[in-house]
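> Questions regarding the structure given below will be posed in turn.
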């Protein structure tokens, strides 16, 4: 990817720099789950930096049960046609044919997501095989680096989608940041054992130890429901946030969406966050994660 | 007056960090700018890559649009990459309803002209005023310039489309030098800022 180009070479698509660079353009922003073109427009008007097109938000996937799959292409195309910001869509873990379909539809990013029912309980999709970049969830550094080794160009901490409860998002982001900080303190001898413990390629482990951060953009997801939640994730080190059910399951989606955008930009200014938090109407009700049975924890999906 | 210029990066959204790093290597003091009072303190400003509709909306929403226009009108050196190029255009060919620009360069831009993410690409680009090898152009959902006015100078083209323009103290590229390790374009901009400071102190 980093080979120097001469002027007569043909343009190259799908390079790591183009895929990872795309995520760099989203930084500081809010990516919102939407299920209709109308919601996509509300999200765009509120200042969303991208939308995630899906059939049901995670809160409804939880409620309805059953197998959750890739969305209807008609619905995804409707959303692509409705907005000018980038459109992302979800494939099931390991379901590389759903990913092929999403690429053919022209989505800008594919989320290989634990929110959908996994199609493969051993393997994730080979993300190098695609021109479209992938974002993947992670609960810890080893998981993040395994996804990057498979070609993910962006990572989001998983949290627990569809709960409106930020506790798991905080746990996973802190876990990733703490493990990176620990690597920084290791000498070269220790990095080999660290790679073994993390179950991740040594080269990536060394790169993280040198950079002090992931080699790709890190967002937070799963449970963000208020402006203060979004600002919390930013202050903890997320470079942006995904908001799923939190917006369109609330009383006044347009207002809440704009407020979460504002708090994400001014995440370190409590006065602005306070202003953004006023009179937003009802937040989504939310679920306490400690009462969620293990089988209903999406974050456990992914290997 | 110290010799090191202070260059801000508009930090409403986008690849702010990469610009801060690139500017620091071009011997400037780089700092993020989100508020009018922060804008007042810089000698030059970068409008980063990001989502142009989002940055434009946030600039209006957060009271930055008018201060930005005023400073650019007064000759503040500015450099926009990708979304930043769109913000510096006097006219957008196909704007989203209500999408405003800062303006500053007499040009018409077409958003996402090179396509969506699947069509995003890397290609070598020779830029007038940048010595040596062509730069590695990283084009991400990139715009191109449809046409420029008499006072704007075309600095680079890719496959017949204008991808870099300068007009006075304003510089714009469709691509993202900040995503490469090659900071010659940032150096060119830092030199524009230094020259402007020297001229103003006379």
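One-based numbering along the chain as shown.
Positions of Cβ are set from backbone N, Cα and C atoms, glycine also.
TrEMBL labels come from automatic prediction, so no person has curated them.
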> For the D-ribose 5-phosphate site that TrEMBL assigns to A:33, A:162, A:244, A:245, which of the candidates A:14, A:142, A:223 is also assigned?
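Given A:33, A:162, A:244, A:245 bind D-ribose 5-phosphate in TrEMBL, the matching entry from A:14, A:142, A:223 is A:223.
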> Hey, of the recorded positions listed (A:90, A:174), which one tops the CB count within 10 A?
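When each Cβ's neighbours within 10 Å are tallied, A:90 leads.
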> Rounded to an integer, what is the Cα-Cα distance in Å between residue A:245 (D-ribose 5-phosphate binding site) and residue A:174 (D-glyceraldehyde 3-phosphate binding site)?
22
> Ranking the binding-site residues A:162, A:223 by other Cβ atoms within 10 Å, which is at the bottom?
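Across A:162, A:223, these binding-site residues, the one with fewest Cβ atoms within 10 Å is A:162.
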> Could you state the whole-number distance in Å separating the C-alpha atoms of residue A:33 (D-ribose 5-phosphate binding site) and residue A:174 (D-glyceraldehyde 3-phosphate binding site)?
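Distance between the two Cα atoms comes out at 24 Å.
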> Taking the Cβ of residue A:244 (D-ribose 5-phosphate binding site) as reference, which residues of that chain separated by at least 6 in sequence fall under 8 Å from it?
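Residues satisfying the criterion: A:33, A:52, A:57, A:58, A:59, A:115, A:161, A:162, A:221, A:222, A:224.
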> For residue A:174 (D-glyceraldehyde 3-phosphate binding site), which DSSP three-state class applies?
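Its secondary structure by DSSP: helix.
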> Expressed to the nearest Å, what is the distance separating residue A:223 (D-ribose 5-phosphate binding site) and residue A:174 (D-glyceraldehyde 3-phosphate binding site) at their Cα atoms?
15
